[in-house]
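For Cys32-Cys336, Cys89-Cys100, Cys114-Cys132, Cys146-Cys149, Cys208-Cys219, Cys230-Cys247, the entry in Swiss-Prot reads disulfide bond, with the evidence type sequence analysis. Per Swiss-Prot, the feature domain 'Cystatin fetuin-A-type 2' maps to 144-250; the stated evidence is sequence analysis. Feature annotation from Swiss-Prot assigns N-linked glycosylation site to Asn99, Asn156, Asn176; the stated evidence is experimental evidence. Per Swiss-Prot, the feature phosphoserine maps to Ser134, Ser138, Ser305, Ser309, Ser312, Ser314. The feature phosphothreonine is assigned by Swiss-Prot to Thr135. The region 'Disordered' feature in Swiss-Prot is assigned to 312-334.
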Amino acid sequence: MKSLVLLLCFAQLWGCQSAPQGTGLGFRELACDDPEAEQVALLAVDYLNNHLLQGFKQVLNQIDKVKVWSRRPFGVVYEMEVDTLETTCHALDPTPLANCSVRQLTEHAVEGDCDFHILKQDGQFRVMHTQCHSTPDSAEDVRKLCPRCPLLTPFNDTNVVHTVNTALAAFNTQNNGTYFKLVEISRAQNVPLPVSTLVEFVIAATDCTAKEVTDPAKCNLLAEKQHGFCKANLMHNLGGEEVSVACKLFQTQPQPANANAVGPVPTANAALPADPPASVVVGPVVVPRGLSDHRTYHDLRHAFSPVASVESASGETLHSPKVGQPGAAGPVSPMCPGRIRHFKI
């Protein structure tokens, strides 16, 4: 009898520790494809994207689990597990998420797994807790789907570093205004055929002009950060190398006082020989935030900076999606996990 009492006590203690802080012990399970669950999940992903510091924006792929806890004295707390997928839009890109393409499996996709606790009280949502991590698709799965598709390559790979330096030098060469520095290597792949290296990276405007830079270390980033996102390809030909780079500037870049009156255009392309002119100074590749750059992707575990809370009026940040009503006949769908919106990794 004493053993049974002790067992019940331990069960109650475990339940108290598992429940989100401030809730009662009672909860209800909500179907993962319920419009209510989808609305809260979209809000959670929106919160995630608003606080990403590096890497790429995320899109909701699947809701794995939902519990709705009663909160004393008022409100409810949604405890959710969701899967996300990386998009092609960088975290700093102001492009609306709806206009961002999902990174496809053939591009070596990366999946995010997130746990959220979201309070709903008086029609207001507040994110109380967030914990995420990322996992790329396995090389084996990519090879099965597309044997010749390039895989993710470490940021500190020799070809990657060389391509980023060369591409940034090419961009600064054809730019008559602000000198840009590297902020982050976002993605890299070595392509076997034709032999080339693909890179995506973030740049930022400095207080120097591109034509007058002699020591990049003396160029400081502007107080109000002005970022751009670049994609580059370095072809390894028999007769040498050729780089092509295209950069999208997220805002109109202010020019230093002694700069040319004509500033850089929002999108710039360059196709130049790999070796920059002697007058062009290439700064070293930056290793951001002290993380080892044998990484091949930006893990949400490090890229996401959680904030204590973010309040959002229910209907201001997102709208409930149109969810089809179930037919009169047919098998009953399981409550969870929910539907896969794109593809499963």
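Glycine too: its Cβ is placed from the backbone N, Cα and C atoms.
Shown on the structure are the features that Swiss-Prot records.
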residue	record	Cβ within 10 Å
Cys32	disulfide bond	23
Ser134	phosphoserine	22
Thr135	phosphothreonine	14
Ser138	phosphoserine	12
Cys146	disulfide bond	14
Asn156	N-linked glycosylation site	15
Cys208	disulfide bond	23
Cys230	disulfide bond	25
Cys247	disulfide bond	25
Cys336	disulfide bond	19
Local confidence of the prediction over the domain 'Cystatin fetuin-A-type 2' (144-250), expressed as mean pLDDT: 94
Entry from the glycosylation sites list Asn99, Asn176 having the most other CB atoms no farther than 10 A: Asn176
Cys132 (disulfide bond) versus Cys100 (disulfide bond) - Cα distance in angstrom: 21
Three-state secondary structure, which DSSP defines for Cys114 (disulfide bond): strand
Distance, Cys89 (disulfide bond) to Asn99 (N-linked glycosylation site) (CA atoms, angstrom): 9
Integer Cα-Cα distance in angstrom, Cys89 (disulfide bond) to Ser138 (phosphoserine): 22
Densest Cβ neighbourhood among Cys89, Cys100, Cys114, Cys132, Cys219 (disulfide-bonded residues), 10 Å radius: Cys114
Same chain, 6+ residues apart, C-beta under 8 Å of the C-beta of Cys149 (disulfide bond), given in sequence order: Thr106, Glu107, His108, Val142, Arg143
In three-state DSSP terms, the structure that Ser134 (phosphoserine) belongs to: strand
Euclidean distance between Cα atoms of Cys208 (disulfide bond) and Cys247 (disulfide bond), Å: 18
